[in-house]
């Protein structure tokens, strides 16, 4: 019998559960899936910005800065930071021409 359908009945003046052995493979699998789902949901809510940024942009770190002068690199970093600071609730992607 599934844990979802177990029935509580009074037994010897106490409340107890009348259910079959809970080592049923289906019950164990459902419990494991339920626990994993709960853990993944909690992690998703805690790190939703990081998760969605990762899935949207992948592992891209941005354009290559090889051969670009340091002053232009610093200007690009400032633009990126100001874009993130301007609107913290949405992701802003700036691409240089």
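For all residues, glycine too, the Cβ spot is worked out from N, Cα and C.
Feature list (source: Swiss-Prot):
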TOPO_DOM  1-22  topological domain 'Virion surface'
CARBOHYD  20  N-linked glycosylation site
TRANSMEM  23-43  transmembrane segment
SITE      41  site 'Seems to be involved in pH gating'
TOPO_DOM  44-97  topological domain 'Intravirion'
LIPID     50  S-palmitoyl cysteine
REGION    60-88  region 'Disordered'
MOD_RES   64  phosphoserine
COMPBIAS  71-80  compositional bias 'Basic and acidic residues'
MOD_RES   82  phosphoserine
MOD_RES   93  phosphoserine
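Positions of Swiss-Prot features highlighted on the structure.
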| residue | record | contacts (Cβ under 8 Å, 6+ apart) |
| --- | --- | --- |
| 41 | site 'Seems to be involved in pH gating' | none |
| 50 | S-palmitoyl cysteine | none |
| 82 | phosphoserine | none |
| said: Within the compositional bias 'Basic and acidic residues' (71-80), count helix residues (DSSP H, G, I), strand residues (E, B) and coil residues, in that order. | reply: 10 helix, 0 strand, 0 coil
